[in-house]
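Lifted from TrEMBL, the feature list:
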- LYS181: active site, schiff-base intermediate with substrate (ACT_SITE)
- LYS233: active site, schiff-base intermediate with substrate (ACT_SITE)
- ARG191, ARG202: 5-aminolevulinate 1 binding site (BINDING)
- GLU218: Mg(2+) binding site (BINDING)
- SER259, TYR298: 5-aminolevulinate 2 binding site (BINDING)
Amino acid sequence: MRRLVAEHRTHPADLVLPMFVREGLAEPAPLGSMPGVVQHTMDSLRRAATEAAEAGVGGLMLFGVPAERDAVGSAASEPDGILNAGLRALVEEVGDAVVVMSDLCLDEFTDHGHCGVLDGEGRVDNDATLVRYQEMALAQAATGAHMLGLSGMMDGQVAAVREVLERDGYTDTSVLAYSAKYASAFYGPFRDAVDSQLRGDRKTYQMDPANGREGLREATLDLAEGADVVMVKPALSYLDVLAEVAELSPVPVAAYQVSGEYAMIEAAAANGWIERRRAIEESVLSIQRAGADFVLTYWATELAGWLR
Ligand code: PBG
């Protein structure tokens, strides 16, 4: 009876697997703060992508960790930079079966770790950053990636990227906007995963956890700028924002179950304090109940496997 009347259920196609590929790696490198997650070599990336596709996941979101960083994140827009090479590999390997998504942000590529370029006083320069995002967008679109994930929280980033994609004829490349992205403590393990160089915080561009209405405003702006998908991030601490965005959005809504959410459940489960599988399934289902059409989760492949 419960099965018959369930209002929501998780399907493998609702899940997107975030993946990390690192330049110059000989073997996959496990992440201490995210047990079960690795930085991939190009080969292990292909294998993990195939495994995810076979499990039926709906998409893959790729992050790149370059060997060299500089002030403007040059490697991010180089056609053969690690992220773009990784995207090309994913498109080739599984591009017919799953949606290949790219992280479009500079933080992994800058030597200061910020999501944008800095001005003379060391502040993130919003509009100069948009130019770099446009360069990244064209490089990523050229790899064949299906959906660009704009995670940098610069004002006007959706419009800026949309404009150059249209101009250069990339009319089939879609834009996923990280619309309501909060300056969150729950990104801690991710910053290990990308060897973040950041000192300080991102409070001048990511949102204040105190603000819900502002999250709706950010989503509304991104919709007006032409976002194909809007996202709320993190997920569990922001289910109220997610529900409200889902209420108003005419386009699909995504949510990102972030690294800290993953690490909390893994740590509690490792200690025997929580039932791992039930906690994973319940957490993802509650994100869907709040209104997410699809969920980015590091458990995507494993969870998809249980669901089959
Ligand atoms: C920034 C970015 C971050 C995450 C995804 N994209 C981190 C940040 O803003 O510091 C976090 C993902 C996670 O914690 O799982 N490009």
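The backbone N, Cα and C atoms fix where each Cβ goes, glycine too.
In this structure, the recorded positions that sit close to ligand 1, with a C-beta under 6 angstroms from any of its atoms, are SER259, chosen from LYS181, GLU218, LYS233, SER259, TYR298. Long-range neighbours of ARG191 (5-aminolevulinate 1 binding site) (same chain, six or more residues apart, CB within less than 8 Å of its CB): LEU198.
Nearest to LYS233 (active site, schiff-base intermediate with substrate) in space, judged by Cα atoms and limited to the recorded positions LYS181, ARG202, SER259, is LYS181. Restricting the binding-site residues GLU218, SER259, TYR298 to those with a CA within 10 Å of the CA of LYS181 (active site, schiff-base intermediate with substrate) leaves GLU218, listed by sequence position.
LYS181 (active site, schiff-base intermediate with substrate) falls within a strand when secondary structure is assigned with DSSP. Taking Cβ-Cβ distances under 8 Å and a sequence gap of 6 or more within the same chain, the neighbours of SER259 (5-aminolevulinate 2 binding site) are SER33, MET34, PHE186, TYR187, GLY188, PRO189, PHE190, ALA193, TYR298. Cβ neighbour count within 10 Å across all protein chains ranks LYS233 highest among the recorded positions ARG202, LYS233. Note: the Cα of ARG202 (5-aminolevulinate 1 binding site) and the Cα of GLU218 (Mg(2+) binding site) are spaced 16 Å from each other.
Under a cutoff of 8 A between CB atoms, and with a sequence separation of 6+ in the same chain, the neighbours of the residue listed as 'Mg(2+) binding site' are SER179, ALA180, MET207.
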